[in-house]
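J.: The following block contains the structure, expressed as structure tokens.
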Amino acid sequence: MTAIRPGSVTFENVTKKFGNFTALPNLSLTVEPGTLVTLLGLSGCGKTTTLRLLAGLEHPTSGRILIGGKDVTNLPANERDVSMVFQSYALFPHMTSLENVAYGLESSGFKKNEARERAEEGLKLVGLGGMGHRLPAELSGGQQQRVAVARALVLEPQVLLLDEPLSNLDARLRRRVRTEIRELQQRLGFTAVYVTHDQDEALAVSDTIIVMKEGGIAQKGSPRDLYEAPASAFIADFMGEANVVPCEVISAENGEAVIRVAGLTHRVPARNAQPGPAQLAIRPNAVTLQPQAGGGFSGTVAHSAYLGDHIEYEIETEHGKLFIVDPAVEQSLPLQTDVSIQFKTRGLAIINQ
């Protein structure tokens, strides 16, 4: 294999219709070379349609798609400089790992010996050197996934597309393989567009996350940006659970905001806060509970569940039920206990109205 040639991706005002249904209304986005960008969202948000448009498996109703600065809008899939790792891996069960990786090369016109050499190099890249003789059935789910990645990479695409690549793995293996994918992408420096509905997966592997909703972009940013500075209540709750309550921003300067919640003032990170009515997103682990209510932000324990290293509470308040995670397992609060709710310094985000 020669050096990886990471390419950029650009969607310019792309609309995709299926009959009378508009799946993507005027979508514009960019992916910088050498980055891993995740399209994240609920089912039906448009992320898979976006990936299929990029792969050439669908064509836009209007707009332009560019890969590496080249307009590929009307090019068929086989003429685009991309490779795709499918959800099912799509390995041939009767072929060895080496033969699976070499197959695409031979189909692209490489001589058999050269294809095998490049396939062996590809398997080494993904940590499967010496395992080329094994059939897919003789490999673990994670190893099969790496064979699929190797098969895509040996074609030296400008962009690697990954469509829900971990969905067929169990939870423990998912964590390990997502780490391997991220390490491989950072080591080789290829551009990747990754589709998933799993927020933890997106947070773990991405340089940039694009959260999609109803065919548009709800928010784009780094994993930290989306988690710590959500642009809306939807993003706050989608990127890890959040309790959203009304508040008033009294002032915001020098990176700190003074807010009023339930009659009490608090100081929290300002980020992009503007004075006036707002909402406060509260992560479940961003508060402490004290077993005595005394005005201010308080509530009553409506439900509790012991989960080993933490206790989950539902606290009934004037703003509805709050979901709270408390690591203090040694002092469980009984049901109907009145509690005061105190904010920590992290895990709070102001959402402007």
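Glycine is treated like the rest: Cβ placed from N, Cα and C.
Small disclaimer: the values here were computed from a predicted structure and weren't measured.
Below are the features listed in Swiss-Prot for this protein:
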{"type": "DOMAIN", "residues": "9-239", "note": "domain 'ABC transporter'"}
{"type": "BINDING", "residues": "GLY41, LEU42, SER43, GLY44, CYS45, GLY46, LYS47, THR48", "note": "ATP binding site"}
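For each feature listed, report its degree of burial, its nearest neighbours and the pertinent distances within the displayed model.
T.: Mean pLDDT of the predicted structure over the domain 'ABC transporter' (9-239): 93.
In the three-state DSSP classification, GLY41 (ATP binding site) falls within coil. Contacts of GLY41 (ATP binding site) defined by a Cβ separation under 8 A and a same-chain sequence distance of 6+ are given as LYS47, HIS197, VAL211, MET212, LYS213, ALA218, in order along the sequence.
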J.: Check each residue in the chain of GLY46 (ATP binding site) that is at least six apart in sequence and keep those whose C-beta is under 8 Å from its C-beta; list them in sequence order.
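T.: Sequence-distant Cβ neighbours: ALA23, LEU24, LEU27, MET212, GLU214, GLY215, GLY216.
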J.: Taking the Cβ of THR48 (ATP binding site) as the reference point, list residues of the same chain whose Cβ is under 8 angstroms away and which are at least six residues distant in sequence.
T.: ASP163, VAL195
